[in-house]
Amino acid sequence: MTGVVREVLDRLRVSRETEEALQVYVDQLVIWQKVKNLVGPKTLDNVWSRHVEDSAQLLPLLGTAARLVDIGSGAGFPGLVLAILLREQQGALIHLVESNSRKCAFLRDVSRRLSLPVRVHNDRIEDVLPTLIGQVEGVTARALAPLSGLLDLTNELLTGPVVGVFPKGQDVERELTDASKYWTFQASVKASCTDSKARILLISDVRRAT
């Protein structure tokens, strides 16, 4: 284990079992990456801070939510990381929605290896989300679409206490302004602990603007 990995795990403050599960996940990602190209090749050397820690920081922002849907899951960031962190929590279930069958094969393989509370949906986001209305407490998406596009996809889920937690870059204010042309919503902006220029949006109570 390198010093960088140890530093990330120390910041996460998780159990030894969770550390081991995260290591298995990363090891499998490296193996699969050689033939499946799951993440940007340039980001693999920095996977622990760029992907793992960046995903893990979303968990406290979700509060007590343990039934989640992660859309456009890709290689499992943040969905699989959150599933690993929540795997001992009673009632936890993380839906991973990904249309790429190769990436879904990877998600299923890691989920089986680690006995994670995960359900992988190899389908279009638009087809899956209507079936999850009333079944999830939180929605995540990372590097998928601008906020207006995310709300187009998730507005029926983001009602009542359900919260959307969306990592964003430095253009977050512009995304909020653009989205407010079409939607009304409650929004909170949090700083990212992995990138001083990045922000994390907490979105709830979404309604179409009139």
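Cβ from N, Cα, C; glycine included.
Values in this document were obtained by computation on a predicted structure and should not be read as measured data.
The annotation in TrEMBL ties G72, F77, I125, E126 to S-adenosyl-L-methionine, and of the candidates under consideration, R87, R112, R113, R142, the one tied to the same site is R142. Secondary structure at I125 (S-adenosyl-L-methionine binding site), as computed by DSSP, is helix. The Cβ of E126 has fewer other Cβ atoms within 10 Å than any other of the binding-site residues I125, E126. Residues G72, F77, I125, E126, R142 are listed as the S-adenosyl-L-methionine binders, and the farthest two of them sit 20 Å apart at their Cα atoms.
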